[in-house]
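**Q** Got a structure here, written out as structure tokens. Questions coming.
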Amino acid sequence: SCRERCGAEYYRGNMCQCDFTCLSYDECCNDYEAQCTTNSCKGRCGETFKRGRRCSCDFECSKFKQCCPDFK
């Protein structure tokens, strides 16, 4: 499960992954999208950009048209 593991570093010994590139390698845990790619900036404002998220909350997201709907 990705609960409390979102963005955790890749570890070969894990059955599934929660790092932000796991989608590219088809190695994500079943709950990765629900746990780690929420469509909100709640608790994420000002974070650094990370690939694989549904939307972004970094200060350049508007420049790339990737902001979450509630980004202010």
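Glycine is no exception: its Cβ is also placed from the backbone N, Cα and C atoms.
TrEMBL lists 1-40, 41-72 with the feature domain 'SMB'.
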**Q** So if I exclude everything within five residues of the ends of the domain 'SMB' (41-72), which remaining residues of that chain have a CB under 8 angstroms from its CBs? That is, six or more out.
**A** 7, 20-24, 33
**Q** Report the DSSP secondary-structure composition of the domain 'SMB' (41-72) as helix, strand and coil residue counts.
**A** 0 helix, 2 strand, 30 coil
**Q** How many of the residues that make up the domain 'SMB' (1-40) does DSSP mark as helix, as strand and as coil?
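**A** Final tally across the stretch: 9 helix, 2 strand, 29 coil.
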